[in-house]
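*Asks:* Below are the structure tokens for one structure; questions will follow.
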2 protein chains.
Amino acid sequence: MRKHSVSWGVGIVLALWAGQAMSASQEPIQPIEPVVIKEPEKVELGKMLFFDPRLSRSGAISCNSCHNLAMGGSDNLKASIGHQWQMGGINSPTVLNSSMNIAQFWDGRAKDLREQAGGPIANPAEMASSHEVAVQVLNSIPGYRSEFKRVFGKDGITIDEVTSALAAFEETLVTPNSRFDKWLKGDKNALTVRELAGYQLFKNSGCVACHNGAAVGGNSFQKMGLVSPYVTDNKAEGRAGVTGQDADRFNFKVPTLRNVALTYPYFHDGEAATLTQAVDVMGRLQLGRTFTDEENGQIVAFLKTLTGDQPVIQYPVLPPSEDDTPRPEPFVK
Amino acid sequence: MRKHSVSWGVGIVLALWAGQAMSASQEPIQPIEPVVIKEPEKVELGKMLFFDPRLSRSGAISCNSCHNLAMGGSDNLKASIGHQWQMGGINSPTVLNSSMNIAQFWDGRAKDLREQAGGPIANPAEMASSHEVAVQVLNSIPGYRSEFKRVFGKDGITIDEVTSALAAFEETLVTPNSRFDKWLKGDKNALTVRELAGYQLFKNSGCVACHNGAAVGGNSFQKMGLVSPYVTDNKAEGRAGVTGQDADRFNFKVPTLRNVALTYPYFHDGEAATLTQAVDVMGRLQLGRTFTDEENGQIVAFLKTLTGDQPVIQYPVLPPSEDDTPRPEPFVK
């Protein structure tokens, strides 16, 4: 008897939700569509480069070190580990769905993935190589020379080709088919009552003001600490470093919430270890609202439905260096 | 006319080689056979663990960091980079075909892959975790709990199960179908005249005394510096550290030469940057023989035929940590 009445109760609640839900086109979040690969050879080359630690001075750090495709396209560290174990200044954002971002890096200083890709290679605190050495390394390797020629139709490798191939690969790293997307597309059984309640709260309490669109974020810059100031030891100043405008201090790119269950820890300083903490801080500092434990739990339950199909990656076999390839220098001071 | 006579000349030489060549069963090197996977779920679990940096204290170093399957199962560094950028004491040997080794590590201190796998996890200079913490991390992750239960048929994860799964994966990392193996199996066109001349020289000058069997090495311990002493700053003493016998000083496991074109640099100290250097040093110090440039080039040409099919690896998607999973400590002193 009891079992029956519970089922009946759930049925009513589901019916109410179904009635309230807007059609997918009216929702502030849109589904992610599977990628259509137009240039498979360029994507394959970009994948090789993404996994190749020889783009770093140490020979040990690749793009995948901090944007690990086994771990939601992130490194799951507060601060990344750079050349000779330097501590990174900011939490590594996920590479997944990053093609949907309004710009790249937390402060948006790179306009697109191509521009971003050149940054870490030459950053002394990250991969600590230079564009010149990186290109010299690749040009010395017959396996790369032939691949670049096949993709770009000419001899010789340039840094623009390197970043172009990396960006082409990264553009394929989208994560469709999350349970939330299935719900958006009409499968009303894809979410539980609790998850739907979380989504409703996410909308009604104002989270969607910044976290909207297909990437559930990534499409605007917003101030961290809008209602109450955010206290942190982290020195990053956000957009102000790009625009020179004092008004842009602590303005950061709103991160995507796609796959957020995989991309812990949270915020630009990585100080929120769990989704529960992150939701609590966002509520208080950005919305002036203290979520109850139950509300927080509902929103977290919703956020966990944003994990999509992870990209299927065949691990590349990289072409070996030649005798004249510049050697890595991991321990040279 | 000239073209014809050259072809004819090559034809004669090939015929002579074919006549001289023993059948595969008489050769001191045997082909590598493709692996037959008997426990696919255990292998898949082992692959996840092999790529999981959470087995290290920093959360950044996995088995694959030093035994990179994109680069011949090695890191292509003289000395590996350990926790907080410590310099490794010895060159990382390849994980490829390592199941054929008489024992593991250069000094053979681990009797098999299971015993080896536990070493780096708890080595303070390498992954710098402990078996207790590694198991605690895995036990906190639902995705691992269910996988271990599926493979081992019980609740709870032990370090023996971790190393057993890692070994099961590593046993699949064999590299059949090298050009040399094709030649061994009867395809007399698989090698060039120069490569065959290199193999003949490799046999006749005594390299095969140590580099034989399917792995072309890996099956004995030999003294580094047999005819003339090997001079190095490296402090490793080889077998003596295991047996306590002074006679075992500088006795090291003979490395496999399978995929040797991919596993530069060479020797336990990584001091030989190229195959040319390695062949020269081996000839002088182990055989008392100085190879001419032409002889050296022939042997190097032969060695490059030992590159087999690299394992096809679908990059794993690792289950995320939970709120109570012990967090990495990359920067804690």
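Note: Cβ is positioned from N, Cα and C throughout, glycine not excepted.
Under the heading signal peptide, TrEMBL lists A:1-23. Here TrEMBL flags A:CYS63, A:CYS66, A:HIS67, A:HIS83 as heme c 1 binding site. The domain 'Cytochrome c' annotation in TrEMBL covers A:193-307. Positions annotated as heme c 2 binding site by TrEMBL: A:CYS207, A:CYS210, A:HIS211, A:MET282.
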*Asks:* Using DSSP and collapsing to three states, where does A:CYS210 (heme c 2 binding site) fall: helix, strand or coil?
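*Replies:* A:CYS210 (heme c 2 binding site) sits in coil per DSSP, no helix or strand.
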*Asks:* Under DSSP, the domain 'Cytochrome c' (A:193-307) has how many residues in helix, strand and coil?
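*Replies:* Going through the domain 'Cytochrome c' (A:193-307) residue by residue, I get 49 helix, 9 strand, 57 coil.
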*Asks:* Could you tell me the maximum Cα-Cα distance in Å between the residues recorded as binding heme c 2, namely A:CYS207, A:CYS210, A:HIS211, A:MET282, rounded to a whole number?
*Replies:* 12
*Asks:* By a simple count of other Cβ atoms within 10 Å, which of A:CYS63, A:CYS66, A:CYS207, A:CYS210, the binding-site residues in the record, is least packed?
*Replies:* A:CYS210
*Asks:* Counting every protein chain present, what is the number of Cβ atoms, excluding its own, within 10 Å of the Cβ of A:MET282 (heme c 2 binding site)?
*Replies:* 23
*Asks:* Looking only at DSSP and grouping its letters into three states, which state does A:HIS83 (heme c 1 binding site) belong to?
*Replies:* helix
*Asks:* So if I draw a 10 Å sphere around the Cβ of A:HIS211 (heme c 2 binding site), how many other Cβ atoms end up inside it?
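*Replies:* I count 27 other Cβ atoms within 10 Å of it.
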*Asks:* Just checking, which of A:HIS67, A:HIS83 (binding-site residues) has the fewest C-beta atoms within 10 Å of its C-beta?
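*Replies:* Per-residue Cβ counts within 10 Å for the binding-site residues A:HIS67, A:HIS83 bottom out at A:HIS83.
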*Asks:* Can you tell me the three-state DSSP label for A:CYS63 (heme c 1 binding site)?
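*Replies:* Looking at the DSSP assignment, A:CYS63 (heme c 1 binding site) belongs to a helix.
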*Asks:* Over all pairs in A:CYS63, A:CYS66, A:HIS67, A:HIS83, the listed heme c 1 binding residues, work out the largest Cα-Cα distance in Å.
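*Replies:* Spelled out: the longest distance between any two Cα atoms in A:CYS63, A:CYS66, A:HIS67, A:HIS83 is 15 Å.
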*Asks:* Around the heme c 2 site formed by A:CYS207, A:CYS210, A:HIS211, A:MET282, which additional residues qualify by having Cβ within 8 Å of the site's Cβ center?
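*Replies:* Going along the sequence, the neighbours appear as A:PHE202, A:GLY206, A:VAL208, A:ALA209, A:GLY217, A:VAL254, A:LEU257, A:GLN286, A:LEU287.
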*Asks:* From the Cα of A:HIS83 (heme c 1 binding site) across to the Cα of A:HIS211 (heme c 2 binding site), what is the distance in angstrom?
*Replies:* 33
*Asks:* Over the domain 'Cytochrome c' (A:193-307), work out the mean pLDDT and round it to an integer.
*Replies:* 97
*Asks:* Roughly how many Å lie between the Cα atoms of A:HIS83 (heme c 1 binding site) and A:MET282 (heme c 2 binding site), rounded to a whole value?
*Replies:* 33
